Amino acid sequence: MSNYFNTLNLREQLDQLGRCRFMDREEFATEADYLKGKKVVIVGCGAQGLNQGLNMRDSGLDVAYALRQAAIDEQRQSYKNAKENGFEVASYETLIPQADLVINLTPDKQHTNVVETVMPLMKEGAALGYSHGFNVVEEGMQIRKDLTVVMVAPKCPGTEVREEYKRGFGVPTLIAVHPENDPKGEGWDIAKAWAAGTGGHRAGCLESSFVAEVKSDLMGEQTILCGMLQAGSIVSYEKMIADGIEPGYAGKLLQYGWETITEALKFGGVTHMMDRLSNPAKVKAFELSEELKELMRPLYNKHMDDIISGEFSRTMMADWANDDVNLFGWREETGQTAFENYPESDVEISEQEYFDNGILLVAMVRAGVELAFEAMTASGIIDESAYYESLHELPLIANTVARKRLYEMNVVISDTAEYGNYLFANVATPLLREKFMPSVETDVIGRGLGESSNQVDNATLIAVNDAIRNHPVEYVGEELRSYMSDMKRIAVGG
């Protein structure tokens, strides 16, 4: 197999990268009806597999789980997840031939083996679904021409897919049809019905492509979503401890600070996040973020270049073939960092204190979001895709850090995301440690400015506000958040 993206000519590559359209609610008028009366078989019962299946069943679809015979015989966790929730569970050989839609929700590194195993068992004219297109785009999986290949990619962890559905809503979702595999022209009908079955249509769906989803997803998770949180946590903790801040306070400020600060992003973008700071703190955060952008832009661009060229995938798949030696080694190193092992503390930190004493974190978030967005859009990825894979997902990932530090983040994200996170953080951490942090003081991380006045120069503040508010990520973010708010009011009757 060869990298599918690299087999396309430049015009085709740009066309696929640029696929992104916010779909009207009316396009989902029939909701999941297209799949009713048909058999949906999910392969894999982890977080995405279980929670998508629960939602689809509650939407009136016939859902079953196909597992390897060994997983059934040994009653592994995937078997327990499905069985304890009342689903039909059986072997590939039993269920796959019955399926009208087979959804592969196993980890990326298992996709080739899974698809090569289930494809001979699939009936003529069935459909194969993915929630991440790595296998198709990066590994170049060749799929039988009679099979329709679709993607429904919720933009959040699987647990959130379920919780939002139970609230009567859903999570924003990318949907796509593989242009090489739509023999009956029903791909979009299948994808829309599947997305509606998960509740994604209530939050808003983007008509995308396998290529756009993969390239933007890889870039976001490697840089701002995971890599920047990891590198920022490590160097910020080191700085605070070196300057005499109590370890329990320093760790707590970081562990819960990312979540608190990025929650402001969710409601009002970078503008609102920066507005949570006092005027002097806002100016300081802006100045720091500009320094960070200049320092880190080459690293962000290198990751984007390696993702576009396929170099990242080649490197990671070589590690797969070597029993994940690098992945496991980097995971162990992360577990040994000082931040991961800070002592628990019952010190209370108010919401505003996370902003006041975490000015550097705000600066890192602004710099990281804008750098990731700029690198993606400069490579042909449409603004909407770049927004979802940078700013939108950041509060969700920050929430995992709040639960159990970096360990939880790396457990919840995919192995692909974890590997990319380490590649980025392994370079970003020493870069920040050596080139940026020596000039940083605890007035921006740990203690606050302690200003007695909110006064700043008017011209300076106006220039800072203009720069923040006029970034393209703010324009597209405001538009997409308004769509989601409108849909939420419709969905929950608000």
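Yeah, the Cβs are placed from backbone N, Cα and C, and that goes for glycine too.
Asp217 is the residue from Asp189, Asp217, Asp243, Asp275 that Swiss-Prot records in the Mg(2+) 2 site together with Glu389, Glu393.
Counted over all residue pairs in Cys45, Gly46, Ala47, Gln48, Arg68, Arg76, Ser78, Asp108, Lys109, Gln110, Gly158, the record's binders of NADP(+), the longest Cα to Cα distance measures 22 angstrom. Checking each of the binding-site residues (Cys45, Ala47, Lys109, Gly158, Glu221, Glu393) against His132 (active site), the C-alpha distance stays within 10 Å for none of them. Nothing from the binding-site residues Cys45, Ser78, Lys109, Gly158 places its Cα within 10 Å of the Cα belonging to Glu221 (Mg(2+) 1 binding site). In sequence order, Gly53, Tyr65, Leu67, Ser78, Tyr79, Asn81, Ala82, Leu105 constitute the residues six or more apart from Cys45 (NADP(+) binding site) in its chain with CB-CB distances below 8 Å. Highlighted in sequence order, Lys155, Ser216, Met219, Gly220, Glu221, Leu225, Tyr388, Ser390, His392 have their Cβ within 8 Å of the centre of the Cβ atoms of Asp217, Glu389, Glu393, the residues recorded for Mg(2+) 2, and are not part of that set. Neighbour count (other Cβ atoms within 10 Å of the Cβ, all protein chains): 21 for Lys109 (NADP(+) binding site). Neighbours of Ala47 (NADP(+) binding site), defined as other CB atoms within 10 A of its CB across all chains, total 18. A gap of 21 Å separates the Cα atoms of Arg68 (NADP(+) binding site) and Ser414 (substrate binding site).
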